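> In case it's useful when we look at the structure, here is the feature table from Swiss-Prot:
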| type | residues | note |
| --- | --- | --- |
| BINDING | 15, 16, 17, 18, 127, 129, 208 | NADPH binding site |
| BINDING | 128, 154, 155, 179, 202, 215, 220, 221, 224 | 1-deoxy-D-xylulose 5-phosphate binding site |
| BINDING | 153, 155, 224 | Mn(2+) binding site |
């Protein structure tokens, strides 16, 4: 009997929330998956521990100042050690890699993802900013190189699963669910004084700091709307957000006959990660199962875009197109970092994003170089607005 060839997986951002959970999935299925490469930005100690445990072919630390420490710590192992942004982009092109999990945070994920697509690697996409910033470009590349993009976001994985077996059946509407975050019931007055400590307490999901703040401000949901447009080929008007505080229904698809398919489950990111790895197959897992006898109260409500303006700004950027979503992403990365440093208020983040949208040069059909220039200009303007 032939031995099953293990899928070789590269994890970009292995020390973050998604990356560490992906390693749990791999650990649970050592007969199916093998870690080929691990990368991190700064968390060198955790990267060292992961490398010693999973014995990848290579590791990359983006922060070059940490290279010597990483190299020394792994000197007794047959693991190649690299550092810097260029190495990050090159490692994804390695021949044996089957799947690249893009779990790094923010705009930094764009270039490595493009390189992985050009190298013909299946993309398990957890870095939503890649499609927010350059969705059209990424889709063109994926078509050109016949590379599958498998969504890892729980909402997009849910939609992806709902679309299984529906080839050729027109989508009427994609319905993305949102928990509403920790401030769902706060008044505008209360939102003026919320702190980063409060914002970092998400009611349902365990996530990294940046995405947790984005969830609190609903920018995360705005980005997911843009991501859905590119992943599923729907118009902005076909994407609806509904607040579902229990996070049991992960998203839904309504078809032209009015039928709605939904994907349900426990709020556990390992499930969509595993599905992206195993697609089109499903494999067993030890994850907690949903107990319907305990789901006695599933509720739904409309999002309030007056209190959570970021969602409206994301929709506006999607309707305007061009480099506008790139502008929003860059400004958002700057304001979230400032909020985490206590340099801007929670509501002030939306003000800076909106003003940045009005000041950065608009490009209707941007190239990759345009995106790079837009990102730099938007960050500069957002920082200037914060300092005013």
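Note: Cβ is positioned from N, Cα and C throughout, glycine not excepted.
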> Which one is it, among the binding-site residues 153, 155, 224, that lies nearest to residue 208 (NADPH binding site) by Cα separation?
153
> In the structure shown, which of the binding-site residues 16, 208 has the fewest other Cβ atoms within 10 Å?
208
> Can you see whether DSSP assigns residue 18 (NADPH binding site) to helix, strand or coil?
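Where residue 18 (NADPH binding site) sits, the three-state DSSP reduction gives helix.
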> Quick one: Cα separation, residue 129 (NADPH binding site) versus residue 153 (Mn(2+) binding site), in Å?
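Approximately 12 Å lies between the Cα of residue 129 (NADPH binding site) and that of residue 153 (Mn(2+) binding site).
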> Just going by other Cβ atoms within 10 Å, which of the binding-site residues 15, 17, 127, 220 has the emptiest spot?
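Fewest other Cβ atoms within 10 Å, among the binding-site residues 15, 17, 127, 220, is found for 17.
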> If I take the Cα of residue 18 (NADPH binding site) as reference, which of the binding-site residues 128, 153, 155, 220, 224 has the closest Cα?
153
> In terms of DSSP three-state secondary structure, what is the assignment for residue 220 (1-deoxy-D-xylulose 5-phosphate binding site)?
helix
